[in-house]
Amino acid sequence: MSQFAGLSDISISEDIPVEGDISVPVGSQNPDDDFSTLDEPVKDTILRDLRAVGQKFVHVLYPKKSSALLKDWDLWGPLLLCVTLALMLQGGSADSGEDGRPQFAEVFVIIWFGSVIITLNSKLLGGTISFFQSLCVLGYCILPLTVAMIVCRIVLLGALSSVSFVVRLIVVTASFSWSTFASTAFLADSQPANRKALVVYPVFLFYFVIGWMILTFSPSP
């Protein structure tokens with residue numbers, strides 16, 4: 001114990017502070033890391049989702065090579081557009097005898113089944129986009145064709161004539177071109193350069209079939 005003999009003579013000067021706060025540095029935290037939709041009101045969640053859908057609609061109307069539509073993908077917008085388009089195509093002369101229900105199912109199946117086929121084709125050709133991101137892009141890009149369907153229904157409120165057909169043809173052609181251009185603008189960077197044509201061709205057929213259904217629609221008598 002001789003090595004600790006001198007410790008009793010050590011005194012602490014009154015000028016030296018012996019009290020203080022001990023702070024432990026921690027890494028900076030992102031407020032978004034603690035964010036959870038379980039902690040926010042349902043109204044705020046719905047409004048936030050609606051704003052996100054509206055922003056994606058704007059990206060489709062003003063398409064450019066951007067990943068904005070792919071970062072936060074969702075299927076609410078495509079589902080809304082699909083149901084709206086199917087409801088407006090309901091009641092045509094082709095299905096007047098069965099109350100429009102087969103026509104609704106036909107449109108619904110064509111849109112979703114076609115989107116799945118195009119997505120699988122893109123993945124098999126070496127695309128880097130995910131499955132649900134592709135469904136999101138293809139679904140949101142139906143927006144111009146949905147607008148074309150609304151315009152065609154308004155035109156068909158008048159008498160059927162060659163003038164109304166020309167108007168509908170112009171509107172559907174413009175909307176079809178816009179949908180194809182918008183979807184390829186978002187999907188272009190995710191495909192190999194030497195296989196882009198193989199990806200664009202099914203997209204062209206997909207929107208062409210939807211545009212043809214809109215153009216050939218006629219209200220039931």
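Every residue, even glycine, has its Cβ placed from backbone N, Cα and C.
What TrEMBL lists as domain 'Yip1' is 62-213.
Among the features that TrEMBL reports, transmembrane segment is placed at 73-92 (among others).
Annotation comment: TrEMBL describes 104-125 (among others) as transmembrane segment.
Long-range contacts of the transmembrane segment (137-159) within the same chain, counting only residues at least 6 positions beyond its ends with a Cβ under 8 Å from a Cβ of the stretch, are 56-57, 59-61, 69-70, 75, 77-79, 81-82, 84-85, 88-89, 111, 114-115, 118-119, 129, 167-168, 171-172, 174-176, 178-179, 182-183, 186-187, 203, 206-207, 210-211, 214-215, 217-219. Marked as transmembrane segment by TrEMBL: 137-159 (among others).
What TrEMBL lists as transmembrane segment is 165-187 (among others).
Listed by sequence, the residues of this chain that lie at least six past the ends of the transmembrane segment (199-218) yet keep a Cβ under 8 A from its Cβ atoms are 85, 89, 92-93, 107, 110-111, 114-115, 117-118, 121-122, 125, 127, 138, 141-142, 145, 148-149, 152, 156, 160, 168-169, 172-173, 175-176, 179-180, 183-184, 187, 191. Taken from TrEMBL, the feature transmembrane segment covers 199-218 (among others).
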Short question: which residues 6 or more past the ends of the transmembrane segment (165-187) have a Cβ under 8 Å from it?
60, 63-67, 69-70, 122, 127, 129, 134, 137-138, 141-145, 147-148, 151-152, 155-156, 199-200, 203-204, 207-208, 210-211, 214-215
Rounded mean pLDDT for the residues that make up the domain 'Yip1' (62-213):
82
